[in-house]
Amino acid sequence: MITEGAQAPRLLLPPLLLLLTLPATGSDPVLCFTRYEESSGKCKGLLGGGVSVKDCCLNTASAYQERSGGLCQPCRSPRWSLWSTWAPCSVTCSEGSQLRYRRCVGWNGQCSEKVALGTLEWQLQACEDQQCCPEMGGWSGWGPWEPCSVTCSKGTRTRRRACNHPAPKCGGHCPGQAQESEACDTQQSCPTHGAWAAWGPWTPCSGSCHSGTHEPKETRSRKCSAPEPSQKPPGKPCPGLAYEQRRCTGLPPCPVAGSWGPWGPVSPCPVTCGLGQTMEQRTCDHPVPQHGGPFCAGDATRTHICNTAVPCPVDGEWDSWGEWSTCVRRNMKSISCQEIPGQQSRWRTCKGRKFDGHRCAGQQQDIRHCYSIQHCPLKGSWSEWSTWGLCIPPCGPNPTRARQRLCTPLLPKYPPTVSMVEGQGEKNVTFWGRPLPRCEELQGQKLVVEEKRPCLHVPACKDPEEEKL
């Protein structure tokens, strides 16, 4: 179906499906969660473990895992997850390829015919992080040695070279160092004056809390070794003292460790259907920690799974709209290829409502006005090149990508609105049908011109869940 003002569709081959991973459907115990996060594909709100998939999925908003850190499966009817982000390009320069995937997730069914739960669908596209690859440069010859770094005793001298024979390109560099140094001797002795090394750490106080009998003290020391003064020629000694002492101030009273009181009563189950959590609490007050004593070890609360054994209501969900019916006008055999407006309709089904859940909101039937151009010969014009499509097959040998130019029909200049029933105002009219466009021959073709290219540096398709094991 072509509507007025719409762009010509791109021709894409279907992506390849592979790697089946079937979720738990039996009675083996699983980890049960309150919800499934669509954006990340992760389970959220742990209820607990040791329950069957059937009990966990009494509430279709819940989700489960067969093991900690494993694949999260929602309890709702199966559907495709969101596409993952594109993986990094397979090469860092020039043209490469990159992959992304989505998975069939849910419980007790299939995403579509022959597409089981856990199935991965892959997409592959070309990518280019950097147009050119780095080219290494070459060094010039070494320059002359610079003067010695000191005027007495021994020092170092340096010489340099430039990375310009040739210069690197596209982010490249020259291997090795741009300068080198060597020792040099002035044959002149220098006096070395003494300097203190850093203070050592304070020794522990003689007491850690108030005792009422003495004032604890702490001491630290340092050495005249950074450097030591020279003997010939003589250097100056370090000024000041090598030791210092101070009183320990602000010491606290001796600490008292805290201890837990008894567990309180178990709270009621907070839900009326599916699984919930009950809670017990205790207080760190037997005794309360004092004067910096440690708090009670362990948790102040603990939870237990409670099972109502009652299924939760499941709201109905609209299925996809069906195809538009043929554009017709009452009491007329055919209105195709004529400036005569008609009507067409499409339907949808409310599916999945259970246990007194809400019915689907909105209308089951959609009606619109239309002009029929089914099988009408129309003058056409060639479209611009479409964007490059995905690489097909994404996980098979020798994937290719394609783009097309299409013979697009020029729609008749019929009125865009009509008044079908007096008093109901103007209604928009849509062109419907598959016309027969006619374009001048292009590259030996009359309807579609296609160009194909191979996809380069293709990475392997690997299940991200298997890489975690």
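Note that Cβ sites are derived from N, Cα and C of the backbone, with glycine treated the same way.
As the structure is a computational prediction, the values presented were derived from the model and not from experiment.
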Exercise for the section: Pick out which of CYS376, CYS391, CYS395 Swiss-Prot lists as the disulfide partner of CYS455. Expected result: CYS391
Exercise for the section: Using the record from Swiss-Prot, pick out the residue from CYS32, CYS75, CYS89, CYS93 that is joined to CYS56 by a disulfide. Expected result: CYS32
Exercise for the section: Count the other Cβ atoms sitting within 10 Å of the Cβ of THR151 (O-linked glycosylation site), across every protein chain shown. Expected result: 10
Completion exercise
Cα nearest CYS148 (disulfide bond) among recorded positions (TRP139, CYS296, CYS312, CYS327, TRP385) -> TRP139
Handout entry: Predicted model, mean pLDDT over the domain 'TSP type-1 1' (77-134)
Key = 90
Exercise for the section: Count the Cβ atoms, other than its own, that fall within 10 Å of the Cβ of CYS407 (disulfide bond), considering every protein chain shown. Expected result: 22
Practice task
Counting Cβ neighbours within 10 Å across all chains shown, tell me which of the glycosylation sites TRP83, TRP145 comes out on top.
Solution key: TRP145
Completion exercise
When each of the disulfide-bonded residues CYS89, CYS127, CYS148, CYS254, CYS296 is scored by other CB atoms within 10 A, the minimum falls on CYS254
Practice task
Using C-alpha positions only, work out which of the recorded positions CYS93, CYS111, TRP142, CYS248, CYS376 is nearest to CYS127 (disulfide bond).
Solution key: CYS93
